[in-house]
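Notes follow the structure.
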Amino acid sequence: MPLKQRNAVLELHSPTEDQLVSPSVGSVATDFGSIAEDGQGAMASVDKTADSSAQDQDKVKMKKSLGLLEGVAIILGIILGSGIFISPKGVLQEVGSVGTSLVIWVLCGVLSMIGALCYAELGTAIPKSGGDYAYIYEAYGPLPAFLYLWDATVIFVPSTNAIMGLTFASYVFQPLFAAGCSVPTIGLQLFAAVTICALTYINAYDVRVTTKMQNVFMFTKIGALVLVIVVGVVWMAVADGGMDNFENAFDGTETDPGKISVAFYSGIFSYAGWNYLNFMTEELRDPYKNLPRAIYISLPLVTAIYVLANMAYVAVLTPQAILASDAIAVTFAQRAMSYGAFVMPILVAIAAFGGLSVHIMTSSRMCFVGARNGHMPEILSHINVNRFTPMPSLVFLCALSLLYLFISDVYVLITYSSIVESFFIMLSVSAVLYFRYTRPDIHRPIRVPLWVPTLFVIICAFLLIVPCYVAPYEVGMGVALTLAGIPVYYIGVAWKNKPKAFTDALAKVTQFCQKMFMTAKEEIDTDE
């Protein structure tokens, strides 16, 4: 976009005293039509198709820069984080036997694929960014959607960023310290803070840089897990007693429904992220094809890799060794790879770094869409006019993530919110059934059989009910944190006639941030 036109856009979006409005609506009077008309007049002699394409590139909106490979890299980048390398022992700990734990891993993969099929229909029927927030908003209205956004913004996203940053910092620093020496907590926190800020900057600078990084990280993570699988297969084939850990594989299996439910939660947590590409639907090229294709490629691949990797862990390590390890991939490498064991911490660090990068990128779109709907401060719906990225949303979530780095109970917050997050995922999938009834004629490029969302909702309901008596305190805290968003909604969103002093102050803050970040409101095509 020419510099003069960018300045014109900024001037159009800088509110005057007469343009101050309620932050719940959060809009500054803008007329992009005159800009489009001026552009068309200046290029009247150019072919209409080329003219339209050039204007689209100049519009203040996020560009469709993601293809199929980038879509697969985003899904795999989120799912193949550090979890499978660090603590897959959660499933084994609850069910008590190797055989049952492997069955749980398979079933969790199948459940994730069923859920992903439903999200493929939702993402193509409602091609909007924002993922679960957008689907809940369309199906059940603004209040449930706001409560999801509230939980995600206050707990899910910043706490996850903080934990992933600390994990990366731990794997970078631990090899530098002698055995038995612990890394200073403040050192981990400061390095994690630098990492989060650096990745936020990269994401704000250019989406394409981030996606290219994700392509590299994707192949690195797959390579690391393939290495684990190959070493495990070789161990089973040539080592003495290589198959001993699979004998009597189902002995000691727990039959308590509560423990089985918790085991499922541990497994599903490792598969978490299969819905994150839906947060960026509007940036996908040809989303009707590339969104479902990315899902169809990623989920079967992840399920196969996870099951085979766990079989490799079990082949090399006894159940007792798995339960005693805090970083199972490193323990596995020390036992089976000898002098090559130093490679594994590096690969785990890369996995954590890549997962954090893609999580920062995708979660910012949810915040951006929420602000676009008036559920967040208006400045968060702005886009940098040079880079076409949601810079204010990225910086806002970065600040929250830095705050959570220095909260000692961040892991407890994740425990409280996990049950609530599962509820919202179930609510999103139930929207498939709801739309079949209320919008039967909506265009659906992907149409899953009705038994698919029905089965997913039933299983999720079971997984939600059981923890209520297994861990009632954690469930109660998660519900309380969610319900705390109701008064925030009615004060911040539903209340339109706020005091003029408040709206004036908020408008000045918006204008200041707008100039600082060089942003403008997104320009929407009339056909959208």
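Placed from the backbone N, Cα and C atoms, the Cβ positions cover glycine too.
Database features, via TrEMBL:
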- 66-86: transmembrane segment (TRANSMEM)
- 98-122: transmembrane segment (TRANSMEM)
- 134-157: transmembrane segment (TRANSMEM)
- 177-204: transmembrane segment (TRANSMEM)
- 216-238: transmembrane segment (TRANSMEM)
- 258-274: transmembrane segment (TRANSMEM)
- 295-316: transmembrane segment (TRANSMEM)
- 336-356: transmembrane segment (TRANSMEM)
- 388-407: transmembrane segment (TRANSMEM)
- 413-436: transmembrane segment (TRANSMEM)
- 448-469: transmembrane segment (TRANSMEM)
- 475-495: transmembrane segment (TRANSMEM)
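Scored on C-beta pairs under 8 angstroms, the neighbour of the transmembrane segment (216-238) with the top count among 98-122, 336-356, 475-495 is 336-356.
Counting Cβ pairs closer than 8 Å to the transmembrane segment (388-407), the top stretch among 134-157, 295-316, 475-495 is 134-157. The stretches the transmembrane segment (66-86) and the transmembrane segment (295-316) meet in space: the count of Cβ pairs below 8 angstroms, excluding pairs fewer than 6 apart in sequence, reaches at least three. Of the two recorded stretches, the transmembrane segment (295-316) does not lie close to the transmembrane segment (448-469), with fewer than three CB pairs under 8 Å once pairs fewer than 6 apart in sequence are set aside. With a threshold of 8 Å between CB atoms, the same-chain residues lying at least 6 positions outside the transmembrane segment (336-356) that come near it are 77-78, 80-82, 85-86, 161, 164-165, 167-168, 171-172, 174-175, 195-196, 199, 213-214, 217-218, 220-221, 223-224, 227, 231-232, 235, 316, 327, 329-330. Highlighted: of the candidate stretches 134-157, 177-204, 413-436, 448-469, 475-495, 448-469 has the greatest count of Cβ pairs under 8 Å to the transmembrane segment (258-274). A Cβ distance under 8 Å defines the sequence-distant neighbours of the transmembrane segment (98-122), meaning residues of its chain 6+ beyond its ends; these are 88, 91-92, 135, 245-246, 249-250, 253-254, 260, 263-264, 267-268, 270-271, 274-275, 278, 291-292, 295-296, 298-300, 302-303, 306-307, 310-311, 314, 319, 425, 428-429, 431-432, 444, 446-448, 452-453, 455-456, 459. Among residues of the same chain six or more beyond the transmembrane segment (413-436), those with a C-beta under 8 A of the stretch's C-beta atoms are 115, 118-119, 121-122, 125, 131-132, 135-136, 138-140, 144, 148, 151, 155-156, 159-160, 163, 265, 268-269, 275, 404, 407, 442, 448, 450, 453-454, 456-457, 460-461, 463-464, 467, 474-475, 477-479, 481-482. Remote same-chain partners of the transmembrane segment (448-469), defined as residues 6 or more beyond its termini with a Cβ less than 8 Å from a stretch Cβ, comprise 111, 114-115, 117-118, 120-121, 257-258, 261-262, 264-265, 268, 419, 422-423, 425-426, 429-430, 432-433, 436, 475.
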